[in-house]
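Following: one structure in structure tokens, then a few remarks.
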């Protein structure tokens, strides 16, 4: 078992813990969040408006979070350097605060006894790895790495299959993205991006995203070929990527569908089974709540204008599915070390 500490017990932090308990490969031994006492941690973990009530036993005792009898140390430190990871044996840290995203800041965890740090966001100046795309290039000498974003995890896998099979000349990506915690429930000031301050409950909000450009960190061959934007919408979970691509090779949409089916079956080089799913059913977003896949290709939603210009559609659970990939990445890093 791999001993893990979680810094930041927000949406991703809590779902990483749920996934770890389900997978039974990782052992979460400690959680740190300066804004939550242990009783509140237990409450937020037990009750979830999207993914439902945790079905096991959740309790607290002597300042520890106890889940199904498993004791988890609870810290409330503001600075990573002050978290005593070594006291509970946490070697691999999931950095899910959204704050400590540079190598310098994330390395502060090592002062408390950690060995490796995986950031659950695009990192600044940090090696980026996407499961099923470039994780095999991970260097065990690297102490801090990024698992990129939820959107990048979906888009990178989709782009890898298309680029490997048909070649991408250029592409534009739109993600129709579910609500996240940083958005406002009613109109409020947002100095950096005025539109992001508008109410999420009754608006479709155009937003910037670095997801498309971040794909090039995992697939350097696509440098300068992809960009994109986001629309934030009033749904709680599950997002969808709309990728319009110009292809190098002439092909048919049926050939694209076959390539995606093969990827879903684990037949595409580098993409293990369980990363990609494929559907031809009449699905909508809530059908993918709790999906483990990085990318679910929606064959019915896509369309081809001609043999080299196509619109491709792929779903992803931006919470649960992403948290599963974080766990997968930690497992891989631990095996390599």
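The backbone N, Cα and C atoms fix where each Cβ goes, and this holds for glycine too.
What Swiss-Prot records for 11, 12, 33, 78, 318 is NAD(+) binding site, and it gives similarity to another entry as the kind of evidence. DSSP assigns residue 12 (NAD(+) binding site) to a helix. Under 8 Å, Cβ to Cβ, and six or more positions away along its own chain, residue 12 (NAD(+) binding site) finds 96, 120, 319, 322, 323, 326.
Within the same chain, residues at least 6 positions away in sequence whose Cβ sits under 8 Å from that of residue 232 (D-glyceraldehyde 3-phosphate binding site) are 177, 178, 179, 180, 183, 196, 200, 203, 204, 205, 206, 207. Marked as D-glyceraldehyde 3-phosphate binding site by Swiss-Prot on the basis of similarity to another entry: 149, 150, 151, 180, 209, 210, 232.
Within its own chain, residue 150 (D-glyceraldehyde 3-phosphate binding site) has 239, 316, 318, 319, 321, 322 as residues 6 or more apart in sequence whose C-beta sits under 8 angstroms from its own. Per Swiss-Prot, active site, nucleophile is recorded for 150, and the stated evidence type is sequence analysis.
If you look up Swiss-Prot, you'll see 177 marked as site 'Activates thiol group during catalysis'.
Rounded to the nearest whole angstrom, the C-alpha distance between residue 151 (D-glyceraldehyde 3-phosphate binding site) and residue 33 (NAD(+) binding site) is 25. Neighbouring residues of the recorded D-glyceraldehyde 3-phosphate site, listed in sequence order and excluding 149, 150, 151, 180, 209, 210, 232, comprise 152, 175, 177, 211, 230, 239, 318 (Cβ within 8 Å of the Cβ centroid). As a whole number, the greatest separation of Cα atoms within the D-glyceraldehyde 3-phosphate-binding residue list 149, 150, 151, 180, 209, 210, 232 is 16 Å. The Cα of residue 149 (D-glyceraldehyde 3-phosphate binding site) lies closest to that of 11, out of the binding-site residues 11, 33, 78. Of all Cβ atoms in the protein chains displayed, 24 besides its own lie within 10 Å of the Cβ of residue 33 (NAD(+) binding site). Comparing the Cα of residue 209 (D-glyceraldehyde 3-phosphate binding site) with the Cα of every entry in 11, 33, 78, these being the binding-site residues, the smallest distance points to 11.
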